[in-house]
Amino acid sequence: MNNLTCFKAYDIRGRLGEELNEDIAWRIGRAYGEYLKPKTIVLGGDVRLTSEALKLALAKGLQDAGVDVLDIGMSGTEEIYFATFHLGVDGGIEVTASHNPMDYNGMKLVREGARPISGDTGLRDVQRLAEAGDFPPVNDAARGSYRQISLRDAYIDHLLAYISVNNLTPLKLVVNSGNGAAGPVIDAIEARLKALGAPVEFIKIHNTPDGTFPNGIPNPLLPECRDDTRKAVIEHGADMGIAFDGDFDRCFLFDEKGQFIEGYYIVGLLAEAFLEKHPGAKIIHDPRLTWNTEAVVTAAGGTPVMSKTGHAFIKERMRTEDAIYGGEMSAHHYFRDFAYCDSGMIPWLLVAELVCLKGQSLGELVRDRMAAFPASGEINSRLAEPAAAIARVEAHFAEEAQAVDRTDGLSMSFADWRFNLRSSNTEPVVRLNVESRGDIPLMEARTKEILQLLNS
């Protein structure tokens, strides 16, 4: 059978029509069923116009393989994680292309316990079976069932268990759901907090789910996607802004002045919040930017543990270390009590509680950390020969470096600054992150120097 190019390193993503269509979705469902032989799995889909049809084709493939399907309807990826571990079923699949272009869709697959099915943990096996298409005949008597269910209330219960609602003082929040799947969840949290008497006001923008994305595809990692949130925070005098991508597995925060807060500093903030409640705990972080997280965690009596970037690696490391929390600078936050999975809803709830408990604004909470360890933000360079360019940078700094680490790409540390350079798994791009010890001009100069070396 033909090659299925929609199978990527960690998930399934492809252009609609040729790379991903209902026939391919059916084959993926059959292949998942033949490979894992699950009894019951949960399905959900994001707001994209094709998600429902792809999900139903996937369901048909699973049913034809003898699998019972529970459909939770329109959902974010983390709602599939939650459904999988909460119901104790054998796996789950979310149909989503997150922040990919309009003409794309995709899938994220998990097995029991919401463990990821990634490249070397089953995704290649599912791909092989789907490509071969050599499935046994459908046995009508053994065909799986299909049922629609709602777990929204149980999911909201779980989210609010991470905070004490009575810690919340008067708070005004701008929330930008980007017309993605987050809107109905935000509505449900708002209703629940109101019922509990919490003095939290929600100002909701682009809250209605709309697969045509009239306000652009939501990806607040891109500066051009931040304006609406920033302006709303300033206009309404809000305490904080929250923005989501399409399947809300990432959450992006803005302070009371509408300033975007880099995910790196939120990792430190959440680590501190967890260590106050769980002294001595382990915190997982990625290798791109590390000094702030290490300093915060160590000062709070915790143990920082570095892991390779990427959700499959972070989740596995969290399990082996029994870490309470893990954070990546890309705004992915992982929680032990959430089956070690990432959530875009838990972080903003914790930060909102922290703002109330400390009696400080979000800007005040991160200002000192940003000054102590200024960072470049991730800079992408499209290069013809990434490996040769990285080798050039390493050779240039080899004598000066105090430490070299290859957990993920190349990290080199010096007395007052450090950098990480890594090749993308998915495109011919090299990603650079630079940070310093309280010296913005040094950080900027070294960033410029490395970029010149990469492009020389």
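Note: Cβ is positioned from N, Cα and C throughout, glycine not excepted.
When the candidates SER98, SER411, SER413 are compared with the Mg(2+) site entry in Swiss-Prot, which names ASP245, ASP247, ASP249, the shared residue is SER98. The Cβ of ASP247 (Mg(2+) binding site) lies under 8 Å from the Cβ of ASP46, GLY76, THR77, GLU94, THR96, SER98, GLY180, ALA181, each of these being in the same chain and 6 or more residues away along the sequence. Long-range Cβ proximity for ASP245 (Mg(2+) binding site), meaning a same-chain Cβ under 8 A and a gap of 6 or more residues, is found for SER98, HIS99, GLY178, GLY180, PRO218, ASN219, PRO220, LEU221, GLY344.
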